[in-house]
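**Q** According to TrEMBL, the protein carries these features:
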| type | residues | note |
| --- | --- | --- |
| TRANSMEM | 130-149 | transmembrane segment |
| TRANSMEM | 156-176 | transmembrane segment |
| TRANSMEM | 188-210 | transmembrane segment |
| TRANSMEM | 222-247 | transmembrane segment |
| TRANSMEM | 274-293 | transmembrane segment |
Amino acid sequence: MFLSGTLNTITAKWAQRTHSLGRDTADDLSTTIWGSLDGQDGLEKRSFDHPFFQASTMFIGEALCLVAFVIKKKYFSPPTPQAYTSLKDGSSASEGLFTNSVYFSIPAMLDMTGTGVMNAGLCLTYASVFQMLRSAVVVFTAFMSVAILKRKLRAFHWASIALVVAGVSVVGYVSIKYSGDDSTKSQSSVMLGNALVIVAQAMVALQMVVEEKIINSHGAPALKAVGFEGVFGFVILGILLVPLYYIQVSGGAHDYPIEDAVDAMIQISNSGEIQIALTGYICSIAFFNFFGISVTKAMSASHRMVLDSLRTVAVLGVSIALGWEDFHYEQLFGFALLILGTSLYNEIIRVPALFDYDDDEEVRESFVESVRQDSKDIGEKEGMAPLLDTANV
């Protein structure tokens, strides 16, 4: 999850930074509002500022997981007794490919919106800042887990959330402060990009919580869940790309569309570099989402978001090494707050003097109770006695 997530952010920004010939426009104007805000007006070769088209390629990567699921189920899954399959996967052995698939249209629409807005923000800000600001998803996920999943958070959770908010604030301030050093990025554009990234995290958090609720309720395998999100997302966004071209946004002296899929395809055809970057983006997103949903299924949406935020250091290191951005010492303070906050949230760092934690016996009792309940539910479903006697565990 860490490696595929890092590759995902780097390839996404690589594609956006690459300049290529697109369709002809009057005075070489940008074909999208994001390109205009990114300072691309008047350039013959423009950067690949197509956030929603790029999001559609992400869904291709997710849809590939469905192909892998079908192959795995057909050729690599041995016949399994129905009762055991129910206990293991939360689904029947005879469950069809499309069983409960419609539920994943909901997180697909949230994914589509969140990714599109995030990619728009990435067009306007820096890759490392983008990744750091994504840590804000921990905050949104925590609040939504309490509101929707009725999960209780301990005092150390709230303390870690406060640290993450502080870290995000520091990182956002530093990026705006030094944006004047980059001739292609104005402070207003960077500020807008940062705001879009943070707003998108609310959509991502809601997506994660909805995914967790669906997976826990219907026991869908990770590959199937990611695959159907990709299929639904690609179809829905593919249709929406048409009206997104006709929705014009004022960019000062000119109006620009939100997205121009035709220009995106022309730029791709004219640049092997963009083709390689998008191929890496598609492949990395397939692995990243599979590993991510696997973590959600095994642990929780909050744990997934905490682990995801740790790839920030890799993105920052690669961005500096490639010369995409400069390093500023103030970032260390913000990054330290993010790491401390995520480590406290995930109990990598414990402070018993300040906070109470669940001891091992409480964790064991919680696990035994969940196994006992699963056994009871499956026994009732199959018309049998409970499959596992946990009374003396």
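Positions of Cβ are set from backbone N, Cα and C atoms, glycine also.
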**Q** Restricting to the same chain and to residues at least six past its boundaries, which positions have a Cβ under 8 Å from a Cβ of the transmembrane segment (222-247)?
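**A** Residues 52-53, 55-56, 58-69, 72, 97, 101, 104-105, 107-109, 111-112, 116, 211, 214-215, 257-262, 286, 289-290, 293-294, 297 contact the transmembrane segment (222-247) from elsewhere in the chain.
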**Q** Could you give the residue numbers and ranges of same-chain residues that sit at least 6 residues beyond the transmembrane segment (156-176) on either side and whose C-beta is under 8 angstroms from one of its C-beta atoms?
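**A** Tertiary neighbours of the transmembrane segment (156-176) are 125-126, 129, 132-133, 135-136, 138-139, 142, 187, 190-191, 194, 198, 309, 328, 330-331, 333-338, 340-345, 347, 350-351, 354-355, 357.
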**Q** For the transmembrane segment (188-210), what are the same-chain contacts with Cβ under 8 Å, counting residues 6+ beyond its ends?
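**A** Distant Cβ neighbours of the transmembrane segment (188-210) are 37-39, 106-107, 110-111, 113-115, 117-118, 120-126, 129-130, 133-134, 136-137, 139-141, 143-145, 148-149, 168, 172, 175-176, 179, 296, 301, 304-305.
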